[in-house]
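**Student:** Sharing the record's features from TrEMBL:
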- 1-24: region 'Disordered' (REGION)
- 45-50, 145-146, 170-176, 195-199, 264-267, ALA320: GTP binding site (BINDING)
- SER49, THR176: Mg(2+) binding site (BINDING)
Amino acid sequence: MGNLCGPKGNDKTESNKSNNIDQKIREDQLEEENKAKLLLLGAGESGKSTIVKQMKIIHQQGFQDEERKKYVNTIQSNTLFCMTNLIKAMDKLGIDFENSSNKDFAIEVVQSDNLNECYEKVKTLWEDGGIQEAFSRRNEFQLYDSAAFYFDNIERIIDENFVPDDQDILMTRVRTTGIVETLFEYEGINFTLVDVGGQRNERKKWIHCFQGVTAVIFCVSLSEYDQNLFEDSAKNRMTEAIMLFEEICNSRWFADTSIILFLNKTDLFRKKIKTVNLNLCFEDYDGGCDFDNASEYIKDKFILLNRNPEKEIYPHFTCATDTDNIKFVFSAVKDIILQRNIKDIGMI
């Protein structure tokens, strides 16, 4: 009789083991469903790094004072770089100083590596008509989008007690090299946001990030349709973005991956389109200097690059320096990911 009881005990043990395994599988599956890896791609200067900073501001309790202070040197260096580039551009474009005495100031600024030593000269030069003319032609050379912001805030920037606020940090420009991962939790989902440098020599690193991607966020700068690449002065930035998006959108690596399109820098585009017609870049564009017409045209241009009728592209117009806008857009991104996760486990 004792032998008859043995198998029943073993059956119960085996059943418990099986239940534990099933529970562990369910827990692992739930954990995977609550994870999302977002790959942030796009050409250089498209605003990817600003998106990363916004995630820190919105989802990681922002920048602490010690972190903010570390940005002071970068902001001052960016400011000096912008003025130096304007001065050099004047020479290339054959523009004269409105006030000839400012030539000496310009020489001192170009030779300086410390904004605090020459900020008064930078301030004076910014008010010169020649510098302003060069600034109006900034699409013809390399200049940070934040140049005017720096010059207009130069008194605050050089103050010895200057602690950069969120807007100051969002405006800074540091070229992304390598791979930068940002981790944060949002409404029950654990996000990993992967930012890879967008300039050509950085793109060879992209393939190392392609595995296990939940969604690709591709950033395009709307406002750079009349500008050329930092790394190739003969190549239009918008043309480069189109070529790159077509490659990513139709890549075998992302055949089953959601593609989210950030049409970025709407603030700059809204200003530029009033005076620089989009047909400068797209000869068939006939919508005039109208923001809505031009932005919709560019959006359609990108969406039509998708060769897979089963694949949906999710476009959003963004201003990466506007925290409220990015909050709103990222909420929509989260909804897209949730829908995709539900679909993947067969609930819809």
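Our numbering is plain: 1 for the first residue shown, then up by one each step along the chain.
Keep in mind that glycine also has a Cβ here, set from the backbone N, Cα and C atoms.
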**Student:** According to DSSP, folded down to helix, strand and coil, what is GLU45 (GTP binding site)?
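**Tutor:** Going by the DSSP assignment, GLU45 (GTP binding site) belongs to neither helix nor strand, so it counts as coil.
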**Student:** Please determine which of the binding-site residues listed here (LEU170, VAL174) has the lowest count of neighbouring CB atoms within 10 Å.
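**Tutor:** With the binding-site residues LEU170, VAL174, fewest surrounding Cβ atoms within 10 Å: VAL174.
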**Student:** Please determine which of the binding-site residues listed here (VAL196, ALA320) has the lowest count of neighbouring CB atoms within 10 Å.
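**Tutor:** Selected from the binding-site residues VAL196, ALA320 on minimum Cβ neighbours within 10 Å: VAL196.
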**Student:** Would you mind reading off the Cα separation of ALA320 (GTP binding site) from THR176 (Mg(2+) binding site), to the nearest angstrom?
**Tutor:** 16
**Student:** Does DSSP put LEU170 (GTP binding site) in a helix, in a strand, or in coil?
**Tutor:** helix
**Student:** When a 10 Å sphere is centred on the Cβ of ASN264 (GTP binding site), how many other Cβ atoms does it contain?
**Tutor:** 28
**Student:** SER49, THR176: which of these binding-site residues has the highest Cβ count within 10 Å of its own Cβ?
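**Tutor:** It comes out as SER49.
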